[in-house]
Amino acid sequence: MQLLLNELVEKNRQWVHFGKVATYIPELKNANPNALGIVIVDIEGNVYRAGDYREKFTMQSVSKPITLMLALMDRGAEFVFERVGMEPSGDAFNSMRKLETINPSKPLNPMINAGAIAVTSLILGNSYEEKFQRILDLFRKISGNPNLQINESVYLSEKRTGDRNRSMAYFLRDVGILEGDVESILDLYFKQCSIEVDCEDIARIGVFLANQGIMPDTKEQVVPKEITQIAKTFMVTCGMYDESGEFAINVGVPAKSGVGGGIMCAVPNRMGIGVMGPALDPKGNSIGGLKMLQVLSKELSLSIF
Ligand code: GLN
């Protein structure tokens, strides 16, 4: 396995030159466009690392299935899905065009920005500080990394420039999906997106999902199985934005990407995979990461279909 991963990174490094790092959040421009790394953590606890696996990146949209699980634990599925739908949008992750035209007016799913902001607004806590602490605590727990923190400059950079998300959030309050202080809700969302991780952190969250919400080492059930099933289903149908169908055919595992360059995969009952490569394709997915996962899926017969 180790040799396979080393070769995987070396053979696919060339792809990073065909992608671009995200720049719409100014601070993301500083990411290393040539970085490419991968970590696999299997259900037995073996860990394999290759390439630039030590590079740190912010979770961005990789955070969305995790806050969804917290909101589902806090509020129950009925309450959550009254405010956000279950269908792929077919549009870009930051698109707002269907928000007004669908009836009832609610975001199509929790993996697009509008849906994720709505989900984050549902997390319980007596104050916004407490709500963020609860989010961070869950990320720390399921990654097994008690040191996870936000990257302050990425957070401030998105807070300063996130007008597209801001406009969607105000729209969502107007139609009654969001309640409360819009700026505080956005602040919480920007913080969740700015949590800084490495490949191993997201591979560990991946294996936790693959293991139905049970910590593979302590056997503690942290998230109910049914809730992890919901999160993984959204990862299959919407996890790679408007490239989810192609990814399902070429790789075929529940996965979630983010514009920081991360891709987290949960291969049911087998392994978690964490990939990083900040050079993105036009849809916002790590270009080198996608190529590596395609090859890996064939080599290890990972497709769940
Ligand atoms: N924080 C980013 C945003 O809201 C997350 C988007 C992403 O990773 N696709 O635009």
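Any Cβ shown, glycine's included, is placed from N, Cα and C.
Remember, predicted model here, so these are calculated numbers, not experimental data.
Annotated substrate binding site per TrEMBL: Ser61, Asn113, Glu158, Asn165, Tyr189, Tyr241, Val259, in sequence order. Close to Tyr241 (substrate binding site) in the fold, though at least 6 residues off in sequence, lie Ser61, Ala92, Phe93, Met111, Ile112, Ser257, Lys283, Gly284, Asn285, each with a CB less than 8 Å from its CB.
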Asn165 (substrate binding site), number of other Cβ atoms within 10 Å: 21
Those binding-site residues, Ser61, Asn113, Asn165, Tyr189, Val259: which ones have a Cβ sitting under 6 Å from ligand 1? Ser61, Asn113, Asn165, Val259
Just how spread out is the substrate site if you go by the largest Cα to Cα distance in Å among Ser61, Asn113, Glu158, Asn165, Tyr189, Tyr241, Val259? 20
Spatial neighbours, same chain, of Val259 (substrate binding site) - Cβ under 8 Å, 6+ residues apart: Ala22, Ile25, Leu28, Gln60, Ser61, Leu280, Gly284
Cβ neighbours of Tyr189 (substrate binding site) where a neighbour is any other Cβ within 10 Å: 26
Non-local Cβ contacts of Glu158 (substrate binding site) (under 8 Å, 6 or more apart, same chain)? Ile25, Glu27, Phe190, Cys193, Ser194
